[in-house]
C-alpha cells in the first residue's frame with residue numbers, strides 16, 4: 001500500500017513534500033487521544049526492547065535521526081509514530097537559512113537521498129523554547145553544530161552557546177563535526193580541534209555528550225577520535241553521518257545534482273565497518289549509536305550484534321513509510337526472543353563475542 005502512496009508523494013519535490021507531510025504528522029499527533037492510539041498500535045511495547053543507556057530509559061532502540069525535525073516542531077509525534085526516541089536538529093547557536101534550494105534530492109534506484117541542506121534552522125534559543133514547552137513521551141536528543149557565519153576563532157564559543165541553551169532540556173547532546181555541507185566543518189574532526197570543542201560543551205552541560213563522525217575519515221582518524229572520547233569520558237559516538245562518496249550508485253544523472261551528502265543504503269557498508277572498528281576498540285566503555293543505511297530488521301539486528309546499543313534512521317523512514325519503525329522494532333524483538341536473549345543489552349556486541 002505504501003508503495004503506491006510513496007509513488008504519489010515522490011511526484012512532489014523532496015523538501016516540499018517533507019514540509020507537507022511533517023505538518024500533517026504534527027497535526028494528527030497534536031490530538032492526545034490520537035497520539036495515544038497511534039502509540040498503542042505503532043509503539044515498541046515488548047519489554048525486551050527497552051534499555052537504559054547512559055542513564056536514560058529508551059522504550060525501543062530505533063530513533064529518528066537528526067535532520068528530519070530540525071527545530072523540534074514534532075516533539076510529540078515521534079513516540080506516537082513508533083520511535084523509541086528522536087534526535088532533533090541539527091541546530092546552531094544562531095538562526096541560519098542553510099544553502100540555496102534545491103538542496104535535497106531522491107536517488108530512487110539506490111533508495112537513497114542526497115542533501116546539502118546546510119543546517120537550516122531557527123537557532124538553539126528557539127529550540128530551547130520548544131523543548132521547554134513540551135513533554136515528549138520518549139527521550140529527545142539534540143544535535144548541535146557550528147553556525148556557518150561564526151569565525152573559526154569562535155568555534156568553541158559557538159558550540160558552547162548551543163550547549164548552554166539546549167543542554168538542560170535534552171536527554172543527551174550530540175556534537176556534530178561531520179556534515180559535508182558546511183565548509184570546513186569536517187576539519188573539526190582533527191583531534192586537537194575536536195578536543196577543545198568537546199571540553200567546551202562538557203563544561204556547559206551535565207547531560208550525556210556524544211560526538212557524531214563521518215564515514216569518510218580514515219581508520220586511524222576513527223581510532224584517534226575514539227581514544228579522545230574515552231579520555232574525555234564522553235557518553236558515546238554516533239556513527240555515521242552522510243557520505244560524499246559516489247561509488248556504486250546506480251541512479252542516473254547523479255553528477256548533475258551537485259555536491260551533498262548521501263544517506264541510505266550506499267552508506268551502509270562503511271557504517272557497519274566503522275561500527276565494528278569502534279566496538280572492537282572500546283567494547284562497552286562507550287555507547288555506540290549506529291546510523292546509515294538501516295532498512296530492515298535484519299539490518300538493525302546486524303548493527304546491534306555488532307555493538308550498537310541504539311540505532312537511528314531517516315532515509316529508511318522516507319522509503320519505508322509510517323509502519324517502518326514498528327516493523328524494525330517487531331523484528332528486533334522477535335530475534336531477541338528466538339535467540340534466547342533476556343534483554344536488548346545482552347545482544348549488543350554478541351556477534352563480536354562469538355567470533356573471538
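Heads up, residue numbers simply count up from 1 along the chain you see.
From the backbone N, Cα and C atoms, a Cβ is placed for every residue, glycine too.
These numbers come from a predicted model, not from an experiment.
Taken straight from Swiss-Prot:
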type	residues	note
ACT_SITE	179	active site, nucleophile
BINDING	66, 67, 68, 69, 70, 90, 143, 176, 212, 240, 264, 293, 314, 315	FMN binding site
BINDING	70, 115, 116, 117, 118, 119, 176, 181, 241, 242	substrate binding site
Q: Would you work out the biggest C-alpha to C-alpha distance among 66, 67, 68, 69, 70, 90, 143, 176, 212, 240, 264, 293, 314, 315, the residues that bind FMN according to the record, and give it in angstrom as a whole number?
A: 20
Q: Out of 118, 176, 241, point to the one nearest residue 264 (FMN binding site) in space (Cα versus Cα); all of them are binding-site residues in the record.
A: 241
Q) Near residue 179 (active site, nucleophile), meaning Cα within 10 Å, which of 68, 212, 314 (binding-site residues)? A) 212
Q.
Given a 10 Å Cβ-Cβ cut-off, pick out the one of the binding-site residues 70, 116, 212 that has the most other Cβ atoms nearby.
A. 212
(Q) With every protein chain in view, what's the tally of Cβ atoms within 10 Å of the Cβ of residue 179 (active site, nucleophile), excluding that atom itself? (A) 24
Q. Taking residue 314 (FMN binding site) as the reference, which of 116, 176, 241 (the binding-site residues) have a CA within 10 A of its CA?
A. none
Q: Rank the binding-site residues 118, 264 by the number of other Cβ atoms within 10 Å of each Cβ, and give the residue at the low end.
A: 118
Q | binding-site residues (68, 314), the one with most neighbouring Cβ atoms at 10 Å | A | 314
